[in-house]
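Working notes, structure below.
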């Protein structure tokens, strides 16, 4: 098993952080372009949001394929080939002749983008000792945030000059270059034990995960938190593109630098988990996310930026803890357990527009904040239940 801060740990962690960066630069590059796409194609806010939703929904669906498949054939090959396909599809997006073609290609891209997220944490669970896993997961999720930031900043800046097609070309070229380095860095798996793929067995594994209340709670917590967090960013672009702010695509892309708060939150998560319980960290993250949402209600740009930064810190702190909780409590088929977490996670993202759109239509951003608080109150309760469960388990161990 790979020990924390060993040479193999750094090499593997760097490779997986790079892979995570490449996934999320592709997934989120179109987000600052949503107001421009709405104007270009003459479509509604909800239709423009489909550019994000179809990709995240396809990604969620792909996790049900790649997770169980990785338990049978291994994880490294899936990560390498799907990253390569994602880069090629980004180049193809630049040639999309109409909005329907754009949505189809985004759905295909979303599907292949699921390859690495479906298996990366399971790969770490196979190869890393527990302290190494907790530290690596935080850094890996930091790669998520950096990829999300870069995709939006690059996408917005390039689109300001050359439009959406130029954004897709640049992101595709960056991805293909990064895949070559990922291919070289990722160490050979040594602790993986293949399990023959059987549909009945795979379905039984998924059902077993759903019957485990510790896993199901984490699935709901991750999915509902992400439903709010990611879709807040979509609606904030519409808010900031309109009067009195009137920001263009490049400046909207810079708004996503607030994701750096998430990079800090995910990086600190491993350290915090050594002094606090994982559920306590989840609760802290959700409370910070709720606070940041309130701050964004101030009708001034800099308080909005501060609120979004708090949101990112809180969300990624909770997400880091929740995803590593799944790896820790999966009794078998760790790959499909991690994949199922991400099905809920990205499924939540794809459904968030349907939940928040009525609030947006009713009361604009104030409505979005209300809809967000309703859901976050539920996730805070779920995290509180996990905290009480873990405290009771610790007390029983001490008594024994």
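Going from the start of the chain as shown, residues are counted 1 onward.
Quick reminder: no glycine exception, Cβ is built from N, Cα and C everywhere.
For 12-392, the entry in TrEMBL reads domain 'Major facilitator superfamily (MFS) profile'.
Summarising the annotation, TrEMBL assigns transmembrane segment to 12-29 (among others). Below 8 angstroms of C-beta separation, residues 2, 52, 55-56, 59, 79, 83, 86-87, 90, 109-110, 113, 116-117, 120, 123-124, 127-128, 136, 139-148, 150-152, 154-155, 167-168, 171, 174-175, 178-179, 181-182, 185-187, 256 of the same chain, each at least six residues beyond the ends of the transmembrane segment (12-29), sit close to that stretch.
Taken from TrEMBL, the feature transmembrane segment applies to 41-66 (among others).
Per TrEMBL, transmembrane segment is recorded for 78-97 (among others).
Look at TrEMBL and you will find 103-125 (among others) tagged as transmembrane segment.
Look at TrEMBL and you will find 132-154 (among others) tagged as transmembrane segment.
Annotation source TrEMBL lists transmembrane segment at 166-186 (among others).
Among the features that TrEMBL reports, transmembrane segment is placed at 214-233 (among others).
What TrEMBL records for 245-268 (among others) is transmembrane segment.
Outside the transmembrane segment (280-298) by six or more residues, the chain places 221, 225, 228-229, 232, 236, 265, 269, 272-273, 304, 306-322, 325, 365-366, 369, 372-373, 376, 379-380, 383-384, 386-387 with a CB less than 8 A from a CB of the stretch. Among the features that TrEMBL reports, transmembrane segment is placed at 280-298 (among others).
Positions annotated as transmembrane segment by TrEMBL: 304-326 (among others). Long-range neighbours of the transmembrane segment (304-326) within the same chain, counting only residues 6 or more positions beyond its ends whose Cβ lies under 8 Å from a Cβ of the stretch, are 121, 133-134, 137-138, 141-142, 144-145, 214-215, 218-219, 221-222, 225-226, 229, 232-233, 236, 240, 255, 258-266, 268-270, 272-273, 278-279, 281-282, 284-298, 337-338, 341, 345, 379, 383, 386.
TrEMBL lists 338-356 (among others) with the feature transmembrane segment. If one looks beyond the transmembrane segment (338-356) by at least 6 residues along the same chain, the residues whose Cβ comes under 8 Å of a Cβ in the stretch are 46, 49, 52-54, 56-57, 59-61, 63-64, 66-68, 70, 114, 117-119, 121-122, 125, 206, 209-210, 215, 218-220, 222-228, 230-232, 234-235, 319, 322-323, 326-327, 330, 367-368, 371-372, 375.
Per TrEMBL, the feature transmembrane segment maps to 362-387 (among others).
The transmembrane segment (132-154) shares more Cβ pairs under 8 Å with 245-268 than with any other stretch in the list 41-66, 166-186, 245-268, 362-387.
Of the ranges 78-97, 214-233, 362-387, the one with the most Cβ pairs under 8 Å to the transmembrane segment (166-186) is 78-97.
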